Amino acid sequence: MSGDDLRKRFEAAFMPNYGVPPVALARGEGCRVWDADGREYLDLIAGIAVSSLGHAHPALVEAVAAQAATLAHTSNLFLHEPEVLLAERLLGLLGGDGRVFLANSGTEANEAALKLAIKYGKANGRTYFVAAENGFHGRSMGALSLTGKNAIREPFGPFAIDVRFVPYGDADALEAAVDERCAAVFLEPAQGEAGVVPPPDGYFAAARRICDATGALFVADEIQSAIGRTGAWFAFQHEDARPDVLTLAKGLGGGLPIGACVAFGDHGDIFAKGDHGSTFGGNPVSAAAALAVLDTIDKDGLLANAAEVGETLAAGLEAIDHPLLKGVRGRGLWRAAVLTGPHAPAVEAAARDAGFLINALQPDALRLAPPLTLTAAQARSFTAAFPTILDAAASAVKES
Ligand SMILES: *Cc1c(COP(=O)(O)O)cnc(C)c1O
């Protein structure tokens, strides 16, 4: 079916919450994807920082196919080897001392963290939560209540829990907001959906110290940043500020749906039997995919690749002198190209016409979150083409 046909039928069959995406993708291989009409693109968004190994990676294909052919689902009435290996593997990467809950998505990982924090608060007379303005933690009602982006939060309020929002990156404001009645602080290591906005150096370490001083749980939402995105397994490792609870999802399954909530030390014992659950969470196929992702990142040195190629990408963008381009921010293969005006949709469209998939994340910011397997040559092919893309976007903006 042609892309146009698919778009028409999509529009008729689906709720309008996504609008109609501009491209129907048909297949992928490595960092390249092809649309339904056979056009090829370099994929610099990886399904929103998800396809960490690129597309159709043999290790992922083999793990998923073999597991599906062996046992695809057990529910949590039974346990299975891939989930045990995965939980142990995650704890190993995190220093050992904790426990894991497996979910299917980012928002579900945060729901688990929130329920843990509510239970912790009830046991200790702690009644409120702190999160950041413009933060994003997911679309389900608990995670949404922690989400500081008013446009997506307010239509669905009021919310059942008391969340106080502080300006992101301001350690003094955080300190002033957190006291002995605060159950938990939820923070991203850099704000992904807000435009890949990193905090000042030392912010995560300050959050750790503030939570230690008051007894509030420090919950790090690493759903977008974990599993090599920033060049480290976990972004908190750059500041050595380990949270009490960590949530992750996107890149973990390499495209298969899986999320995880990890609680360290005694916090791993907060849930009692029956407190939480998920029929699909940690299912054998997704767990096998995640194990293949972790193995491949290790074996192929993809943390170092993300750090190095991320620098190549950033340096290439920084070297461009163009009236539409202000600069670049972020770390590893998690970057935003920042524009001088609200032209991100026009630049996204011009990039697509030139064969590059990037994401107009904010009116003035484009997200680059390619597979961790991106090569330096692929990064340079984009930065070499970007001035022409910006020119095309500038003329499109003028004409409209
Ligand atoms: C994507 C994201 C979520 C939500 O994940 P879903 O899998 O879409 O539910 C939560 N927090 C952060 C930081 C994210 O980037």
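Positions of Cβ are set from backbone N, Cα and C atoms, glycine also.
These features come from TrEMBL:
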type	residues	note
BINDING	Gly106, Thr107, Phe136, Asp221, Glu222, Ile223, Gln224, Thr279	pyridoxal 5'-phosphate binding site
BINDING	Arg139, Ser278	N(2)-acetyl-L-ornithine binding site
MOD_RES	Lys250	N6-(pyridoxal phosphate)lysine
Does Arg139 (N(2)-acetyl-L-ornithine binding site) have same-chain partners at least 6 apart in sequence with Cβ under 8 Å from its own Cβ, and which are they?
-> Thr107, Ile152
Just going by other Cβ atoms within 10 Å, which of the binding-site residues Thr107, Gln224, Ser278, Thr279 has the emptiest spot?
-> Thr279
What does DSSP call Asp221 (pyridoxal 5'-phosphate binding site) in the simple three-state scheme?
-> strand
From Asp221, Glu222, Gln224, Ser278, which binding-site residues have a C-beta atom under 6 Å away from some atom of ligand 1?
-> Asp221, Gln224
Whole-number Å distance between the CA of Gln224 (pyridoxal 5'-phosphate binding site) and the CA of Ser278 (N(2)-acetyl-L-ornithine binding site)?
-> 21
So how many other Cβ atoms are close to Phe136 (pyridoxal 5'-phosphate binding site), meaning within 10 Å of its Cβ?
-> 25
Given that the record lists Gly106, Thr107, Phe136, Asp221, Glu222, Ile223, Gln224, Thr279 as binding pyridoxal 5'-phosphate, what is the largest C-alpha to C-alpha distance among them, in Å?
-> 25
Report the same-chain neighbours of Gly106 (pyridoxal 5'-phosphate binding site): residues 6+ apart in sequence with Cβ closer than 8 Å to its Cβ, ordered by sequence.
-> Gly138, Ala143, Ile223, Gln224, Thr247, Ala249, Lys250, Gly259
Same chain, 6+ residues apart, C-beta under 8 Å of the C-beta of Asp221 (pyridoxal 5'-phosphate binding site), given in sequence order = Asn110, Ala113, Gly135, His137, Phe186, Leu187, Glu188, Thr247
Which number gives the other C-beta atoms within 10 angstroms of the C-beta of Ile223 (pyridoxal 5'-phosphate binding site), all protein chains shown included?
-> 28
Close in space, distant in sequence - Glu222 (pyridoxal 5'-phosphate binding site), Cβ under 8 Å, 6 or more apart | Glu188, Pro189, Phe234, Ala235, Phe236, Leu246, Thr247, Leu248
Cα-to-Cα gap, Phe136 (pyridoxal 5'-phosphate binding site) vs Ser278 (N(2)-acetyl-L-ornithine binding site), nearest whole Å = 22
Other C-beta atoms within 10 angstroms of the C-beta of the residue listed as 'N6-(pyridoxal phosphate)lysine' total 29
